[in-house]
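Just below is one structure, and these are the notes that go with it.
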Amino acid sequence: MVGTTSVGALYFARLLLGLSVGWLLTFSQLYVHEVAPAHLRGITFAVYQSQLCMGSITGAAVDYGTHALEGRRAYQIPLAVFFLAPTLQSIALFFFPETPRWLMVQGKDEEAEVALRKLRNPSIEETELQAELNEIRQSTKEQVNKNKGALFLEMWRGSSWVNIYTTYYLEIAGVENPFGYSLMMTCMGLLGVLFSILFIRQVDRRTIMLCGVLACGFSQLAQAIAWTVRPGSVEAGKVVVAFIALFTFFYVAYAPYAWLLGGEYPNSALRGHCFGVATALNFLGNWLGTFTAPYFINPASLGWGPKYGYIWFGSNMILAVFVWFCLPETRDRTLEEIHEMFEAKVPSRKFKTYVCVGVEGYAAEVLGAGDFKRGEAKPEAVQLETSR
């Protein structure tokens, strides 16, 4: 795209870029799911989201700095900067071990143990390492997928059209320097994800998802009401800016959880397939929202402007109901424990208090913790550091 002047070549390059981004987003998050200990999985995804925000800020800042340039340099410089991150990532990939769970599914037990040793703290007790390895081994014997839908949530909160059309949206709202404000919105997203890191290990995933969805919904509603009451006014424009900033803050703060839960629910054998399907549906929904948004907000079409937020308020309320009644709590659970609860058909509202027996029994075989019954407290020897 940097050197070509052909429209066809640009479209082809965009196609390749889209495929590669989808591929990278899917498998990088799958990798994090399968290598991170249960107690660090949430923070790891928050850090992952913060890196996405930093990339967005860098891209927006470069665009802002070059938008006034004349000629092809206005787009060639931002595209050239794009080469840096993929180059560094490609080099780093050579030093990453394969995930132990994938190796175990493929029947490569010895390689799985080697990979797990590389991924865990060298000072970890051998009994704990063997207990985690045995837990993974036993849980991969019989695995049936139970859930594909968590990432389906992502497309209904209205983030895609806000991200893509922020500048134009603010221009319609009569905001001065809309490009500069759109850069500020991107920075608000980074603040949101950094804020979420502070409580990601202390607050349940269901609680964060529910609060995030409700906050996003009411942010959309507030700007829609302001534009309905005082359309085209300076005051309404200020309200729109404020609540888009709040929307960006909240949706990025809880964004890691949709991806996190989407990879926690399926079992190891089908996690890649399910996560891929869910990601594809997410991209499809984002494309649909992006494709139709101009028709709603453009003055030459429906001309709703910020009143478009009414639609996304409704979709966020539907999501809130779904999260409350259907989303299981998985904080500090290993992937094997989550699989066991789905196998046992535990109601989603009881995931938090359920005492797993299967995977703890596998650990007990290694640690010699003895037998215990479902519903009893876990033996102290079985509460592994790797699964807290």
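The backbone N, Cα and C atoms fix where each Cβ goes, glycine too.
Marked as domain 'Major facilitator superfamily (MFS) profile' by TrEMBL: 1-331.
If you look up TrEMBL, you'll see 12-32 (among others) marked as transmembrane segment. Residues of the same chain lying 6 or more positions beyond the ends of the transmembrane segment (12-32) and with a Cβ under 8 Å from any Cβ of it are 1, 4, 41, 44-45, 48, 96, 99, 259, 263, 271-272, 275-276, 279-280, 283.
Annotation comment: TrEMBL describes 77-96 (among others) as transmembrane segment.
Residues or ranges marked as transmembrane segment by TrEMBL: 179-200 (among others). Within its own chain, the transmembrane segment (179-200) has Cβ neighbours under 8 Å at 42-43, 46-47, 49-50, 53-54, 56-57, 60-61, 64, 67, 162, 166-167, 170, 208, 241, 244-246, 248-256, counting only residues six or more beyond its boundaries.
Residues or ranges marked as transmembrane segment in TrEMBL: 207-227 (among others).
The transmembrane segment annotation in TrEMBL covers 239-262 (among others). Taking Cβ pairs closer than 8 Å, the transmembrane segment (239-262) reaches residues 29, 33, 41-42, 45-46, 48-49, 53, 150-151, 153-154, 157-159, 162, 166, 169-170, 173, 175, 181, 184-186, 188-193, 195-196, 200, 205, 208-209, 211-213, 215-216, 219-220, 222-223, 226-227, 274-275, 278-279, 306, 327, 330 in its own chain, all 6 or more past its ends.
The transmembrane segment annotation in TrEMBL covers 274-297 (among others).
If you look up TrEMBL, you'll see 309-327 (among others) marked as transmembrane segment.
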